[in-house]
Amino acid sequence: MLDNQIEKIVLFLLEQQGLLASRIAKLGEQQEALQEHPDISQISELREAYRTVGRDLLKLLYFVEINAIGLRKILKKFDKRFGYRFTDYYIKTRANHPYSQLQQVFKHVGIGAVVGAISRNLGELQDRQGSYISIYDQPPLPLQDSVIDLMKAAVDRLTHSTNFLNFLAQHALILQEELPFPVDEHVEDQRYHFMSLMLNLASTFLYMVNTYIIVPTADDYALSLGAAATVCGIVIGAMAVAQIFSSVYFSAWSNKSYFRPLIFSTIVLFVGNVMYALAYDLDSIVVLLVGRLFCGLGSARAVNRRYISDCVPLKIRMQASAGFVSASALGMACGPALAGLLQYNFKIYKLTFNEETLPGWVMAVAWLIYLIWLWILFKEPSREVEANETPQESNAEPVEGDALENGIKKPLLISSERMEQDADGDNECEGSDEAPEESHQAATSLQSAYRLLTPSVKVQLLIYFMLKYAMEILLSESSVITTYYFGWSTSSVAIFLACLGLTVLPVNIVVGNYICNMFEDRQILLASEIVVCIGILLSFHVFIPYSIPQYVISGLIMFVSAEVLEGVNLSLLSRVMSSRLSRGTYNGGLLSTEAGTIARVVADSTITLAGYLGDSKLLNVTLLPSLIICISSIIATLCTYNSLY
């Protein structure tokens, strides 16, 4: 029965490709006639006709995509009910056969030719009539047409193509609807404002700088206020504690506005950094911790992520998401590097400016300057456009357009409501009592969002928790460990941390461009977890003396493998997480942020608690939980390995 359904899909696909090719051929004849007798109005009509064909091709691509998703879910249900890996047998026997119909679905043979024909002709109809230069002569030249961008995005999504930009963008975990319908993008274009996007990315960058600029000096600051050096764990982690709560209210606030939460965030961060800097002259560890709590309460990463998801057009959303991740990585590297440069000691009136207080003063000035730019240049997106606009109807030819619309409901979708309901039950809310009509609503609370998580998604969130925990242990205790064992100065610690941060983008280039094209994501996921585990084992203080090469090499192995693991894990997570978690306050991005933030809080608390045992035992005591969590995540991954598509 499944073979018959796939054959229906393929034959319908070929039939519709023929119809589209016939329409393009007729438009080509009209285009040739216009070359002899140019007419601006007819050229505009012809261009719009090509766009109409492109929109109908998009419908065909979505038809293929929804059937591919349906096929995957059908095979998954077979596996679940039989208790046998039927999918492996079916894919091997069907995909490798010389007359494979399955390959026609997943490789959508012939569609590339139609996309190429529409792109070439639209390119020739642009404002360069009379020129003999084609798109093949200048391939880097982008075509300024949203239909072309939508077609390319649909083809890329259908083939699951992997490149550096796409791989990097998935780190942001900005989930899309599983099957977004192809509509005209003029609504998004009205909401999009380039300078607002740049300010949004600047906020992301400054926040990451603010997070890591204190790491090299937090232990010295705690000592100068009469506390133990390991209290640096609480000082660093206070920001993460507050972020657990701020992520929720900022995510909810972004349902109504982006400008006001960004203003509020900037003011709170300014106040928090001033309090952090003043704690030295006030000789108060409480003021220091409250200042860091304020910084965490100003964490607007939920707003930054939501702005890209809601207000950036689809054609550049991947670039914007990659920019979000790049800004975070750059901020992570710049924070410690900047702390290493702030090696001054002077007073102005009664205010002390030294390597411990300068990070607070510098960030306070940076946020003040940012507040001024934000107030002047940020443009609040219009909510009325989003609420009132409705998708425009396609101008396709009546007979052929109806055939395509009706064809979408033929194979595998005879009872689409039942299939969607069944799929949601299998993949999203297994064991829940949700009504069918609620199967596509956004989650309304953290509890309801958690109920949408499948076992494989929970495992991936555990992996995310593990890698964030291990990275936070490595970074937060680096100053205490290196001072105790090696006598490193603040500048040396800053250089080490900055070098770790600078590995993020090169590692993602290698993984996104090469490794992900050579291996399956789940293979890279498991291999990265094992390497993280090896890095943790190598970090233990077993041999005497504990050497700098051992610490640096093990730390580098742990950090780089964790970065690879984060990228692949979020890439998988973005594909298997419920589409209901792509919108609303309690979305997938918020869940991943909360998992990572809680990991950081637990890690920083572990450092402070372990400090009571003495600096000599700090390293091994803090690495032990990392090792246990890492081994647990590897076991969980092996148990769900075959379900990680």
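A Cβ is built for glycine as well, from the same backbone N, Cα and C atoms used for every other residue.
TrEMBL: automatically predicted annotations, no manual curation.
In TrEMBL this protein carries:
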- 1-92: domain 'SPX' (DOMAIN)
- 197-215: transmembrane segment (TRANSMEM)
- 221-250: transmembrane segment (TRANSMEM)
- 262-279: transmembrane segment (TRANSMEM)
- 285-303: transmembrane segment (TRANSMEM)
- 324-346: transmembrane segment (TRANSMEM)
- 358-378: transmembrane segment (TRANSMEM)
- 461-487: transmembrane segment (TRANSMEM)
- 493-512: transmembrane segment (TRANSMEM)
- 524-544: transmembrane segment (TRANSMEM)
- 550-573: transmembrane segment (TRANSMEM)
- 623-644: transmembrane segment (TRANSMEM)
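Counting Cβ pairs under 8 Å to the transmembrane segment (262-279), the top-ranked stretch among 358-378, 461-487, 493-512 is 358-378. By the Cβ criterion (under 8 Å, sequence separation of 6 or more), the transmembrane segment (550-573) is in contact with the transmembrane segment (461-487), since 3+ such pairs are found. The stretches the transmembrane segment (461-487) and the transmembrane segment (285-303) do not meet in space: the count of Cβ pairs below 8 angstroms, excluding pairs fewer than 6 apart in sequence, stays at fewer than three. As a summary of secondary structure, the domain 'SPX' (1-92) carries 85 helix, 0 strand, 7 coil according to DSSP.
Restricting the average to the domain 'SPX' (1-92) gives a pLDDT of 79.
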